[in-house]
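Below is one structure, written out as structure tokens; comments come after it.
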Amino acid sequence: MIRKNVWFWLAAIASLALDQLTKRWVVTTFTLSTPPETRPLWPGVFHLTYVTNSGAAFSLFEGVDWLRWLSLVVCVGLIGWGIWGPRLPAWEQWGYGFLLGGAAGNGIDRFWRGAVTDFLDFRLIQFPVFNFADIFINVGIVCLLLAAWRGEFRKPSPRSRN
């Protein structure tokens, strides 16, 4: 059952693990403060800055409680799709797996800490602080777009490939 979409599960587990391990390191190493504690890795270009975000991407919907439930619904839906859905093409498996890992990573933060932990701070382009879950959600979207562009979207992959 789970073996039919092995790339989905590998992407989901690996992305969730990397996200949660890095957030745990940030929470135990940095102090949440105002102004935020920051450590420049490349001064003026890339810093590690510990902030929290109770909203969605770019702090949209700041402070709304239903985001945690939306994360849960997305995760349950993707897990169900991975178990009971069809055998998916590889790009689609990676895409949905990264979406699941990212949604689960930020969802865990919302339920456990009440807000998402962000720490990747690209200052050169004045981009909002984000985390690995955000990266994986975007990588998942790119994988799904590639699957659609290649014409593989929702065509079952052959049994010899996962």
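Note: Cβ is positioned from N, Cα and C throughout, glycine not excepted.
Nobody curates TrEMBL annotations by hand; they come from automatic prediction.
Summarising the annotation, TrEMBL assigns transmembrane segment to 41-61 (among others).
According to TrEMBL, the feature transmembrane segment maps to 66-84 (among others).
The C-beta environment of ASP118 (active site), restricted to residues of the same chain at least 6 apart in sequence and closer than 8 Å, consists of THR49, TYR50, VAL51, THR52, ASN53, PRO128, VAL129, PHE130, ASN131, ASP134. Secondary structure at ASP118 (active site), taken from DSSP and collapsed to helix, strand or coil, is strand. Look at TrEMBL and you will find ASP118 (among others) tagged as active site.
Sequence-distant contacts of the transmembrane segment (129-149) (same chain, six or more residues past either end, CB-CB distance under 8 Å): 11, 15, 18-19, 22-23, 49, 51, 53, 57, 89, 91-92, 94-106, 109, 116-121. Taken from TrEMBL, the feature transmembrane segment applies to 129-149 (among others).
Look at TrEMBL and you will find ASP134 (among others) tagged as active site. The 10 Å shell around the Cβ of ASP134 (active site) contains 22 further Cβ atoms across the protein chains shown.
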